[in-house]
């Protein structure tokens, strides 16, 4: 499906368009919709041959001076909606320094030198794997799955089993790196044999996850590595640099810095760089940070990750309620997930919006959105206003 965004010659009104909406999204596993400067960029419905990126390049003032001065004639972020049916690849996102190195060494794979922080807000129950489990959970895995101990070696497994808080974090990290590398370096025959041995006794939630992933990616090394990662059920959260992660099932909105620099290893048919993944990971253990939204008004929560490319608002308007989104120095895409209502912007008057509507609001434009006969649910992405936050 090619999303549409309408844009006229004036820039004192928001661009509008349409996508499937949340109800249809739930029925289409593997669906992805995004707004931003990528190859699958939305097209303008008034001119189907013109992408949003092309339109912005012809009308750069819609970005505002702050964005133009720092990022040039591009949105500094991608705003996406995902419906994940089959697990997405196990991957890690390079930090700025590593991204620059990877781009210099392999520019055909790592397209630029920017980092790729990202944040996901769950629309339905959403599962992910993120970061390494803590020491206690790691011991439980090794005690409960002797086949993994056999694979990585008893001597190294014993180092973990004997470790405690007095051993030192760096020593535990070094052992974790070694055994994870051993595991991820295993060939398909070894992985297949290991899964065959443990299948009959898997019944706990994390163990059942192994079966689910094996059904999607038979003999993939990412399947047997999954018990080493935190199994997270997200309402919201952000993914930091140099940490392993993978989305499993569910629907979410996602915002990320503008690029596609990803180092993959497992649960994918795309290019994998397992050795690079081993070397870039921090091997930090423990449950990941889950971002908590800040209330901006009775209807809106703002999620502010620790970087300056983007922020995301979630707004749920009851019937007949309204809210004002103040003007900000950068552009703001809006996605209407459910309900019906109206939008009022500048001199443009009032326009009807509803489930599936997409808005592209230029910089420095205040808009007012009102719910009509039912609750209205929407998400907005934008660059943080550092002067007022």
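Residue 1 is the first one shown; counting continues down the chain.
Glycine too: its Cβ is placed from the backbone N, Cα and C atoms.
All annotation found in TrEMBL is predicted automatically rather than curated by experts.
According to TrEMBL, the domain 'Phosphomannose isomerase type I catalytic' annotation covers 53-132. The Zn(2+) binding site annotation in TrEMBL covers 91, 93, 118. Residues annotated as domain 'Phosphomannose isomerase type I helical insertion' in TrEMBL: 151-228. The active site annotation in TrEMBL covers 264.
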Distance between residue 264 (active site) and residue 91 (Zn(2+) binding site) at the Cα atoms, whole Å?
4
Secondary structure tally of the domain 'Phosphomannose isomerase type I helical insertion' (151-228) (DSSP, helix then strand then coil):
61 helix, 0 strand, 17 coil
Would you mind checking how many other C-beta atoms are within 10 angstroms of the C-beta on residue 118 (Zn(2+) binding site)?
23
